[in-house]
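Have a look at the structure below, then the notes.
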Amino acid sequence: MAHPVQLSLQDATSPIMEELITFHDHAFMAMSLISFLVLYALLSTLTTKLTNTNITDAQEMETIWTILPAIILILIALPSLRILYLTDEVNDPSFTIKSIGHQWYWTYEYTDYGGLIFNSYMLPPLFLNPGDLRLLEVDNRVVLPIEAPVRMMITSQDVLHSWTIPTLGLKTDAVPGRLNQTVFTATRPGVYYGQCSEICGANHSFMPIVAELIPLKIFEMGPVFTL
């Protein structure tokens, strides 16, 4: 869960998010080194007295500042492509859950449990209990197991939506007439929050996502809902 004055990403709850955080730190380090180098060059240019204004031939330097940026881009692109392929990989999921976006709520279908279907609406402020998060709590949470690959089938019934939970590293568009999928494996139990990340209308910011992750043994006894 994000908190005020947070500078870094949320703690990872899935292997994919751990990879994303590692790549973020890797790319940020490269950007920081480049920024400091450019800043040093600018300060040196402004503070150093020019003793020679003649244009000189420096092919070696031109070769270096042409090849070096290409090497840096390759070092950033390779891990980025690796994570991109990991996010699209489907490894025989244990459970399949369908999420349908509406204006402005989510519908979940547990196809492996007799077609169990329910809607998830944001709780109005008057219905919040002490400790609930305003604009993030819902009446029916989607319950998911940990330590097992879960496949989310995501689509929309009206306009574009996006099913997003940052701590799980999930962000998949819900497109009308198209069924997108994403697979994740959660590593620790808890309650995790997300929101629609696609501008879908006037109440775009009022269709949160709440995933309650529970141990696999408890989930196998039957999904727990508060309908």
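Here the Cβ of each residue, glycine as well, is placed from N, Cα and C on the backbone.
Here is what TrEMBL records for this protein:
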- 1-91: domain 'Cytochrome oxidase subunit II transmembrane region profile' (DOMAIN)
- 26-43: transmembrane segment (TRANSMEM)
- 64-85: transmembrane segment (TRANSMEM)
- 92-225: domain 'Cytochrome oxidase subunit II copper A binding' (DOMAIN)
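For the transmembrane segment (64-85), the residues of the chain that approach it from at least six positions outside its boundaries are 16, 19-20, 22-23, 26-27, 30, 34, judged by C-beta separation under 8 angstroms. Sequence-remote contacts of a segment are chain residues at least 6 beyond its ends whose Cβ falls under 8 Å from one of its Cβ atoms, and for the transmembrane segment (26-43) they are 72, 75-76, 79-80. The average per-residue pLDDT of the prediction over the domain 'Cytochrome oxidase subunit II copper A binding' (92-225) is 90, rounded to a whole number. In terms of DSSP helix, strand and coil, the domain 'Cytochrome oxidase subunit II copper A binding' (92-225) has 17 helix, 61 strand, 56 coil.
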